[in-house]
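Read the structure below first, then the notes.
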Amino acid sequence: MDHNVTQGEDLRYENEMLTLDAIPDIITNLIYLVSGTIGNALVIYIYVFKLKCFNSEKYFIAVISMVDFITCWINSTFNIITDCMQLIFVHEEICKIMIFITHVCPITSGTLLLVLAVQRYLLVCRPNGGQMTLGWKRVGLCSTVTFAVLCSSPVLEHYGKSIPLHVTNPSNNSFSCGIQTNYLGSRSVILYELFGFAYCIIVITTMYTLYMLILRQIYHQNKKQDRRHSYVNVILQKKAGQARVFVDYGENNLKTKFCRQGNTKQSIKKLNTYRYTIMFLAITTTTVISFVPNSLMKSFCGGNLSKVVLFLGNDMTLFRFLYHSYILNSVLNPLIYAAFDKKFRSTIQNMCKSRA
């Protein structure tokens, strides 16, 4: 009895020491948790309830923000829990469910960005062709979530209560939440991680190919506009239903033309489409950069992350930061929306003024 009590106290003491070592990662995840949930909740509120974007080309902004909100909330919280329970995590069912969710969210986010790239391609490169209707957007969303759930289902078998691999000579009573010992280096785990890495490569290649085609189309359209005139300033005349366009053809050669107001609105809409394309390209790039470390770690170690820790010189702080860096894009996305979307910024300003 006394021996068991002593052993339990030693285990708790060792777990506390490991928790102290994980404080930098706990603080980082707390920042992800607070800033990510607040930022994405604000994005959801503005785009869904203020701008009502579910029927516009910004449909996927609200959807991605919801996924980012779940990622920052659940994934960050789970990381903090595992940092505090590195030797005493005994709830296998909770471990499996949480690991499953932490896999579903990134796959959903990455696949939605692919669907979004297809939507942008149709808008910019095929403006007169078939576009994504609200029904097709919903089909794309449901298909993405279903695909993410199916792709994440193997982790329910691979992960659970396991022996902590990053601890030297762990006791028989110490357990952590991770890949189960009997699956370490197994063929099923290696094939699953390689499939995940290959899927990432395919998605990244496809997205950047589509965006390169989109940017080329934008470049050619702007080049054609520059050939017609070097500077255009539009002033709307509501009474006449026309817009006065000053066209500068060179020094001291200023001419005035008139066009319908509808054509001007179409030009503004096209400009917004280009701006949103650059915004989504920035989101895609941020996502790729933040996902690469986690994907590489999982793909080339067969589930045995202790090999990665050894490769990093046993620097657990660096390992945890890189391994959890995939959450960073969910935190940064609201800042990207604020940087590129004028309506989003003006809505926030109006909300602040009204409260003041």
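Note: Cβ is positioned from N, Cα and C throughout, glycine not excepted.
Taken from TrEMBL as is:
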DOMAIN    39-337  domain 'G-protein coupled receptors family 1 profile'
TRANSMEM  26-47  transmembrane segment
TRANSMEM  59-78  transmembrane segment
TRANSMEM  98-118  transmembrane segment
TRANSMEM  139-156  transmembrane segment
TRANSMEM  194-215  transmembrane segment
TRANSMEM  273-292  transmembrane segment
TRANSMEM  321-340  transmembrane segment
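The stretches the transmembrane segment (59-78) and the transmembrane segment (194-215) do not meet in space: the count of Cβ pairs below 8 angstroms, excluding pairs fewer than 6 apart in sequence, stays at fewer than three. Among the recorded stretches 98-118, 139-156, 273-292, 321-340, the one sharing the largest number of Cβ pairs closer than 8 Å with the transmembrane segment (26-47) is 321-340. The predicted model assigns the domain 'G-protein coupled receptors family 1 profile' (39-337) a mean pLDDT of 80.
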